[in-house]
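**Student:** Got a structure here, written out as structure tokens. Questions coming.
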Amino acid sequence: ASKTPVGFIGLGNMGNPMAKNLMKHGYPLIIYDVF
């Protein structure tokens, strides 16, 4: 079974480690962040 994509709007101090952990476990990510 494929994993559900997870979306993040802004990574910041909390979202960055969460996104890295999800990527490590094979979740496809959709990320929007303004630099």
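Each residue, glycine too, has its Cβ placed from N, Cα and C.
Among the features that Swiss-Prot reports, NAD(+) binding site is placed at 4-33. What Swiss-Prot lists as N6-succinyllysine is Lys24, and the listing cites similarity to another entry. Annotation comment: Swiss-Prot describes Lys24 as N6-acetyllysine.
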**Student:** Fewest other CB within 10 angstroms, which one of the binding-site residues Phe8, Tyr32?
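**Tutor:** Comparing Cβ neighbours within 10 Å for the binding-site residues Phe8, Tyr32, Tyr32 has the fewest.
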**Student:** Between Thr4, Asn16, which of the binding-site residues has its C-beta surrounded by the fewest other C-beta atoms within 10 Å?
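**Tutor:** With the binding-site residues Thr4, Asn16, fewest surrounding Cβ atoms within 10 Å: Thr4.
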**Student:** Of Lys20, Lys24, the binding-site residues given in the record, which has the fewest other CB atoms within 10 A of its CB?
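**Tutor:** Among the binding-site residues Lys20, Lys24, the lowest count of other Cβ atoms within 10 Å belongs to Lys24.
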**Student:** Identify, among the binding-site residues Gly12, Pro28, the residue whose Cβ has the fewest other Cβ atoms within 10 Å in this structure.
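**Tutor:** Minimum Cβ neighbour count within 10 Å, taken over the binding-site residues Gly12, Pro28, occurs at Gly12.
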